[in-house]
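Here the structure comes first, spelled out in structure tokens, and everything after it is commentary.
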Amino acid sequence: MVAFGKKLKERSIEEWQEYYINYKLMKKKVKQYGRQIEVGSLDRRHVLKDFSRMLDHQIEKISLFMLEQQGLLSSRLQKLRECHDALQDEPDISQISNLREAYRSVGQDLLKLLVFIDTNAIGIRKILKKFDKRFGYRFTNYYVKTRADHPYSQLQQVFKHVGLGAVVGAISRNLHELQNNQGSFLSIYDQPVVPLQDPVVDSIKNAVDRLTRSTNFLNFMAQHALIMQDEDLLIHEDQADQQEGRYHFMSLLLNLANTFLYMVNTYIIVPTADDYSMSLGAAATVCGVVIGAMAVAQLFSSVYFSAWSNKSYFKPLIFSSIVLFVGNLVYALAYDFNSLALLLIGRLFCGFGSARAVNRRYISDCVPLKIRMQASAGFVSASALGMACGPALAGLLQTNFKIYNLTFNQDTLPGWVMAVAWLMYLVWLAISFVEPAREPEEVHTSQESNSADQDGNMEKGLTKQLLLAQDETEHDDEDDCDGSEESAEDSRKPANSFVAAYKLLTPSVKVQLLIYFMLKYAMEILLSESSVVTTYYFGWSMSSVSIFLFCLGLTVLPVNLVVGSYISNMFEDRQILLASEIMVCVGILLSFHVVVPYTVPQYVISGFIMFVSAEVLEGVNLSLLSRVMSSRLSRGTYNGGLLSTEAGTIARVIADATITVAGFLGQMFLSFTTLFCIELQISELCSSIARTACGPVVINPTAPADQNEMFNFLVQLG
């Protein structure tokens, strides 16, 4: 891939050259530091101080120029405001038109400034990452935290573009007043939902949205879906229009309904799986195999559905609905045929119908960028609600009757109900789904290259620069380390196999996937063995188990609301990850039946602590994954969403197998054996998180050497 230094030269505005970050100089400095440390002529503490001082000077140069440009824009807006006020008394159509063009001209210059900010922000992140990579520890954390939190921070000017909101507001408000509504007393503040139909304002809003990295609840929830933006599809405004033309609201709703029904289908059998297994002559702990059979099949279905979605969305959804209808039918009929094999085949069929890869892909490919965050959050919410509604629905299906020798009871009704639900969904799908038009990838590529040459419009050109500037994969600066350069075309190709996708994962991303694996393992153990454990120890009825699981599922959205809106803004990801891991371990320890009598409050409290902590861990982990995973994994069959799905599914398979294997020791030892497995693995994982997932230890360059050594010693001891 083209080195960032070359990109910086290409993107920089010629008259502002001297105010950009001197990336080339700082890169040479980093290499010079490395050589000096190797020969022993310079110690690391001096390097840290000197590099910090040099970067401070660069940021000060950038921020002061930004303030100067903001001042010039403000002065121009102030003069335009005086002309605007004069027109209130004596309106003149030609002058109004000229004034509107003058405001648009200010907007064009504001877009140039946004490009300047974005390019320098990328440069700062790049050089910090290069410094960390060269010297083997995370200096970035220390630098950003100390500079960003300081009351006189100049770094805030670059990363938060402080003050630009007022300029954007002034341009938007005045253009709104001048836009064919003279005489109206309403402003943009009175009609916040009515968009201003002006291309300059739209371009500014898009640029600001892409520069702003907010941690609000909606964005936090959307990142859980691991639906990453593919910059190749968003380079030009014409392509965004094409994507919006492919979007169909009812089709999106059908994808979300598919997600919801599949999660209901997954968890509706959890409260009754042990009872169903015993009614067919098997042990209660065989419920682990029954529940896990669906996950085993999903390991394969995720791959072929992801590949199928490259060509169609409608056909795989139809196939999914038919397979799930048949699977639930077979699951329900297993009772009357007294066949455990049919029971397992029914669940395998349900797993083969998992179309979550198609649901993700539709949102990624067909939903416009402006509402993709809401659609992604809807995908996660549908999954969470399905997880809660599944056990609740099972608790309502407590009846026993026969129709034509077919048994309808608490064991078979989940299969019958879901079969009817999938049949109704199939009819709705056939009537309402609209297959989006597809174009060959080659056409997209040629359109992208040609449109840049043919269109000289300032708004589109600047928007293209802003979108291109977001391409910051881990491969961007490999050429700086080994001197080799990869072509831009090759570096943007999607992975064509699991092996290729795995090679794109950095060590920290691999550990984050391991974290995801472990939390899914712990959650599956808790959910799948709940009916066996509570029946053995407390004699709970099926409805009691359903209520317990329903209450657990209901915590998903409130927990993510609290974490996304508050906790993630107050603490670093590393702190939240470690704290949630510790709380999961606490929940597991409280679950053990050792000396004191095992009581309902102990089990319920420990279950809620473990489940809620795992939810916090999952939310922060997936949110972080969506930001650091390579952009090459945002498209193609073997994408980031598929990798996370496979990791979670493998965890569920192993967890359900653990339950069945542990059941051979007897139900008395089931809880101890499974929870002990989790405890051992999570204890090891906590150490991995501290040392690998969040990077090496942050060293304060201003702290005494003995203090840094003591800090490292304590971390390694922990």
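Cβ from N, Cα, C; glycine included.
Residues or ranges marked as domain 'SPX' in TrEMBL: 2-145. The average pLDDT computed over the domain 'SPX' (2-145) stands at 80.
Same-chain residues lying 6+ beyond the ends of the transmembrane segment (252-270) with a Cβ under 8 Å from its Cβ atoms: 276, 290-291, 294, 313, 317, 320-321, 324, 328, 331, 347, 350, 353-356, 358-359, 362-363, 366-367, 375, 378-379, 382-387, 389-391, 393-394, 414-415, 417-418, 421-422, 425, 428-429, 432-433, 527-528, 530-531, 545, 549, 553. Residues or ranges marked as transmembrane segment by TrEMBL: 252-270 (among others).
Look at TrEMBL and you will find 282-305 (among others) tagged as transmembrane segment. Proximity of distant same-chain residues to the transmembrane segment (282-305), defined by a Cβ-Cβ separation under 8 Å and at least 6 residues beyond the stretch ends, is recorded for 265-266, 269-270, 273-276, 316, 320, 340, 343-344, 347-358, 528-529, 531-532, 535, 637, 642, 645-646, 649-650, 652-653, 655-660, 662-664, 667, 670.
Per TrEMBL, the feature transmembrane segment maps to 317-334 (among others).
For 340-358 (among others), the entry in TrEMBL reads transmembrane segment.
Among the features that TrEMBL reports, transmembrane segment is placed at 379-401 (among others).
Annotated transmembrane segment per TrEMBL: 413-434 (among others), in sequence order. For the transmembrane segment (413-434), the list of distant contacts is 248, 250-251, 254, 257-258, 261, 264-265, 268-269, 272, 313-314, 317-318, 321-322, 324-325, 328-333, 346, 393-394, 397, 399: same-chain residues at least six beyond its ends, Cβ to Cβ under 8 Å.
Taken from TrEMBL, the feature region 'Disordered' covers 473-492.
Per TrEMBL, compositional bias 'Acidic residues' is recorded for 473-488.
Annotation comment: TrEMBL describes 513-539 (among others) as transmembrane segment.
Sequence annotations record features per position, and here TrEMBL assigns transmembrane segment to 545-564 (among others). For the transmembrane segment (545-564), the residues of the chain that approach it from at least six positions outside its boundaries are 215-221, 224, 267, 270-271, 380-381, 384-385, 387-392, 394-395, 526-527, 530-531, 534-535, 576, 604, 607-608, 611-612, 615-616, 619-620, 623, judged by C-beta separation under 8 angstroms.
Feature annotation from TrEMBL assigns transmembrane segment to 576-596 (among others).
The transmembrane segment annotation in TrEMBL covers 602-625 (among others).
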Query raised in the report: Given pairs 6 or more apart, does the transmembrane segment (602-625) have at least three Cβ pairs under 8 Å with the transmembrane segment (513-539)?
Result: yes
Query - Per-state residue totals over the domain 'SPX' (2-145) - DSSP helix, strand, coil - result: 127 helix, 0 strand, 17 coil
